[in-house]
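Here is what TrEMBL says about this protein:
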ACT_SITE  Asp60  active site, for OMPdecase activity
ACT_SITE  Lys62  active site, for OMPdecase activity
ACT_SITE  Lys62  active site, proton donor
ACT_SITE  Asp65  active site, for OMPdecase activity
BINDING   Asp12, Lys34, 60-69, Ser115, 167-177, 190-191  substrate binding site
DOMAIN    6-206  domain 'Orotidine 5'-phosphate decarboxylase'
Amino acid sequence: MSDGSRLILALDLVDVGRALRMAQDISPHCFAIKVNWPIILHAGPQIIREISRFSRVICDLKLADIPNTNRLIVERVRELGAWGVIAHSFVGQDSLRAVVEAAGDMKVFSVVAMSHPGASDLLNRFHDMLIDISMKAGVYGFVAPGNNEAVLRQIRARAGGMKIISPGIGAQGGDEVSAVAAGADYVIVGRKIYQASDPVKVAMEIDQRLSMML
Ligand code: 3DU
């Protein structure tokens, strides 16, 4: 893993062998590797431990349950050695606080807006309230759309110096440099990298483009 990188690899491959090889090859060029339900359901939760041996791992479980259930899940994620975990904030302060308390040293990122078109139906109209709920719950940072500069800039303005990680780059139309310019600290990139004919090269190019902004 690279401490100075602003790239987070979204490892949404369901071929576990390929996913692990790619994680190893790309980890020197990214800050962290994000695992989501597809790879966890195919490989089993131990994939979190396995990748944590050589990289920071962010578990994108988008937790959205009552406090007790959120707590039980986060305790297990912590045992498996993850560096961070992602939870929804719309369920309210108590549910999110349960995540923060169970997380210990793990970083908690809350979703305050999303990158898909349907996010404008409801969720993205409430990002200010979701940021306030998240701050009161004590999260470390936010997940905000890297392909929606207007929303991302508003979230950055309200988030102050808190960390923002942004998906929506590449396959969902966003650009990594524009997202960082609009306020993202890190960009989350999946298909643009793992569907490329040379994923390591694409990851290195993104990493280099972003490092030139520093
Ligand atoms: O579109 P990509 O292939 O670069 O993958 C983006 C990843 O980020 C994927 O794991 C998805 O579940 C996650 N994500 C979003 O794409 C959008 C959000 O608002 C939140 C998370």
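Cβ coordinates are placed from backbone N, Cα and C, and glycine is handled just like the others.
Here the structure is a predicted model, which means the values were calculated and not measured.
Sequence features, as recorded in TrEMBL, placed on the structure.
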| residue | record | DSSP (3 states) |
| --- | --- | --- |
| Asp12 | substrate binding site | coil |
| Asp60 | active site, for OMPdecase activity | strand |
| Asp65 | active site, for OMPdecase activity | coil |
| Ser115 | substrate binding site | coil |
| Gly170 | substrate binding site | coil |
| Gly190 | substrate binding site | coil |
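A gap of 26 Å separates the Cα atoms of Gly190 (substrate binding site) and Asp65 (active site, for OMPdecase activity). A Cβ distance below 6 Å to any atom of ligand 1 is met, among the binding-site residues Asp12, Ser115, Gly174, Gly190, by Asp12, Ser115, Gly190. Counting other CB atoms no more than 10 Å from each candidate's CB, the recorded positions Asp12, Asp65, Ser115 peak at Ser115. Comparing the Cα of Asp12 (substrate binding site) with the Cα of every entry in Asp60, Lys62, Asp65, these being the active-site residues, the smallest distance points to Asp60. The distance from the Cα of Asp65 (active site, for OMPdecase activity) to the Cα of Gly170 (substrate binding site) comes to 30 Å. Ranking the binding-site residues Ile66, Ser115, Gly170, Gly174 by the distance of their Cα atoms from the Cα of Asp60 (active site, for OMPdecase activity) places Ser115 first. The least crowded of the binding-site residues Gly170, Gly174, Gly190, judged by other CB atoms within 10 A of its own CB, is Gly190. If you take every residue in the domain 'Orotidine 5'-phosphate decarboxylase' (6-206) and average the pLDDT, you get 98.
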